[in-house]
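Peer 1: Pasting the feature list from TrEMBL:
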| type | residues | note |
| --- | --- | --- |
| DOMAIN | B:348-445 | domain 'Glycine dehydrogenase C-terminal' |
| MOD_RES | B:LYS269 | N6-(pyridoxal phosphate)lysine |
| REGION | B:1-46 | region 'Disordered' |
| REGION | B:477-511 | region 'Disordered' |
Amino acid sequence: MAQRYYTETHEWIDLEGDIATIGITDFAQAQLGDVVFLELPPTGKTLAKGDAFGVVESVKAASDLYAPVAGTVLEVNKALTDSPESVNQDPYGAGWLMRVRVEGDVGSGLLDEAGYRAVSEQAH
Amino acid sequence: MKHAPEPLSFEKSRSGVAPPRLPEAGVPSRATVPDHHRRRRAPELPRLSEPELLRHYSRLAALNFSISEHFYPLGSCTMKYNPVANEEAARLPGFAQLHPYQEEASIQGALELMWRLEQALCAIVGVDRVTLQPAAGAHGEWTALRMIQAFFESRGEERPEVIVPDSAHGTNPASAAMCGFSVVQVRSGADGRVDVADLHSKLSARTAALMLTNPNTLGLFEKEILAMAAAVHAVGAKLYYDGANLNALMGICRPGDMGFDAVHLNLHKTFTTPHGGGGPGAGPVGVKVDLAPFLPRPTVEAEGGGYRFDFDRPLSIGRVRSFYGNFGMLVRAYAYILAMGSDGLAQASQDAVLAANYLRKRVEHLLHLPYAGYCMHEFVASAGRVADGRVRALDIAKGLLERGIHAPTVYFPLIVPEALMIEPTETESKATLDTFVETLVEIVELANSDPAALRGEPRSLPISRLDEVAAARQPVLRWSPTLDSGENAAADRSSPQGAPRQPQAVPAPTA
């Protein structure tokens with residue numbers, strides 16, 4: 001069973017062993033509005049925690065995506081090239097962005113569901 | 001009531017009309033253009049009679065939503081009146097009919113104007129030298145950052161970072177990235193101004209510059225500017241001024257005195273030259289003396305009672321624009337500065353701030369104002385609470401367009417949800433501002449009583465709601481003319497005849 005965490009920058013992360021699946025939260029997609037374009041990193045890229053790993057662009061704005069953990073990119077969600085709307089429709093499922101092999105500790109700064117709810121309510 | 005949408009001139013083209021006759025080329029093209037670059041057939045220009053063509057462009061002009069017809073409170077863009085006298089000055093034959101390759105001796109008046117405009121801009125913003133070359137604000141940003149980069153390169157210092165506030169104009173991080181810097185973001189505090197503690201934590205020996213606009217994009221004066229300038233200079237970095245919001249400060253205080261080292265100005269905002277259809281703009285850049293050796297060349301120098309271009313500037317970053325910038329815009333801006341004088345410019349800024357505060361006060365019961373207190377030349381409101389969230393900022397913007405007022409800037413700055421950024425400028429009367437408020441009252445009432453009706457606007461404009469999502473996901477970037485069946489089409493066997501008139505859908509490029 002994967003363990004889900006969140007970031008203050010509105011990414012979610014599912015941890016299963018040392019494999020992390022990463023996306024943006026339902027709150028984030030609702031704030032962005034219709035997603036029209038995504039820029040995701042190449043497979044094999046090494047990310048430090050907090051690195052901008054990609055860009056999500058909606059009709060309203062373009063926003064950087066920040067790596068919640070350090071690691072190596074194993075896979076990105078190629079289906080999003082043709083159907084970026086999955087990020088809006090199913091942010092925790094078909095709208096996932098990438099899988100990463102986590103390096104080192106997951107580290108501090110990640111939030112549980114209650115902690116993230118507090119952050120997103122404050123942002124309202 | 002506006003006209004119906006006007007077809008393209010290509011779509012109105014009729015094969016029975018003779019093709020347009022072009023004047024003889026002024027250069028011997030056969031001698032200079034290699035054979036494989038020469039076209040095989042005449043271009044497919046539309047075939048219309050002269051009255052048809054005149055009506056076509058007159059109708060297109062009537063479709064414009066422009067400052068000459070409408071109030072245009074587009075925040076951050078300073079859509080002020082473009083005086084007709086400026087146009088007369090720019091059309092004087094001695095300016096309008098110059099050729100860029102003329103001898104210096106025959107363009108002394110134009111050089112003098114450039115030199116005097118530089119002196120005036122230096123005095124207004126408090127810098128030592130100004131380049132007039134950049135063709136727009138973002139071009140000015142890039143030019144200034146390139147000079148800062150060259151300055152550090154000349155000293156052997158490696159400084160790869162540029163700091164930009166989270167409320168900055170989007171062009172700031174874009175210009176920094178275009179210049180090869182990595183962008184470091186600094187937070188805004190609860191009062192909407194730069195969080196100075198966060199700035200301290202981001203400044204280091206790796207910092208090349210802090211880019212700042214003052215007043216900032218929320219229309220708030222950065223009160224800690226002197227402390228910020230000191231902090232930036234303490235780590236050896238430069239302070240850059242984004243001049244988009246200079247209209248609040250002319251004749252009152254100067255970026256140079258606040259500690260800014262490089263300043264860009266938008267002549268098409270602050271100095272009344274037209275924005276046109278997105279251009280031509282003019283984005284001069286002013287610098288303090290230690291950056292002056294890196295200015296684009298040529299500069300204009302006064303010497304022995306005359307004026308000359310100076311190309312002998314070995315540390316220059318080079319030319320950033322063909323010839324000498326958008327010269328016609330320089331003439332218009334200089335005419336404006338002379339007409340206003342220093343007292344007039346100060347009065348303009350005071351009136352701009354007064355107009356913005358008048359509007360801010362009058363809309364505070366209609367829209368949510370996330371940052372309390374007086375604003376400078378513009379303010380940012382949120383539409384997030386209008387009709388309990390049943391309408392968006394976009395709906396209010398469209399409602400204004402329907403009622404003959406240009407929409408404010410929406411969804412910017414990013415730190416305010418459902419943002420409406422309103423900048424009335426000093427050139428609008430109280431009556432116009434009152435009409436804006438009355439219109440906004442009407443729209444908010446409609447939002448409350450019948451939000452679906454507001455979401456269906458505009459109804460009387462030639463184009464209603466655009467499908468922004470489809471336009472972004474599947475942009476149509478090409479239009480293919482139907483090839484005429486005449487001799488031109490026959491000459492080009494590689495193109496299919498009778499190609500469909502529909503636009504071709506071209507998928508968005510992927511990175």
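Heads up, the Cβ atoms here are built off N, Cα and C, so glycines get one too.
Thinking about packing and proximity, how do these listed features fit into the structure?
Peer 2: Each residue in the domain 'Glycine dehydrogenase C-terminal' (B:348-445) has a pLDDT score, and their mean in this model is 96.
In this structure, B:LYS269 (N6-(pyridoxal phosphate)lysine) belongs to neither helix nor strand by DSSP; it is coil.
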Peer 1: Pull the DSSP breakdown for the domain 'Glycine dehydrogenase C-terminal' (B:348-445) and write it out as helix, strand, coil residue counts.
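Peer 2: Output for the domain 'Glycine dehydrogenase C-terminal' (B:348-445) reads 46 helix, 12 strand, 40 coil.
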Peer 1: Using DSSP, how many residues of the region 'Disordered' (B:1-46) fall into helix, strand and coil, respectively?
Peer 2: 11 helix, 0 strand, 35 coil
Peer 1: For a quick check of packing: other C-beta atoms within 10 Å of the C-beta of B:LYS269 (N6-(pyridoxal phosphate)lysine), how many?
Peer 2: 24
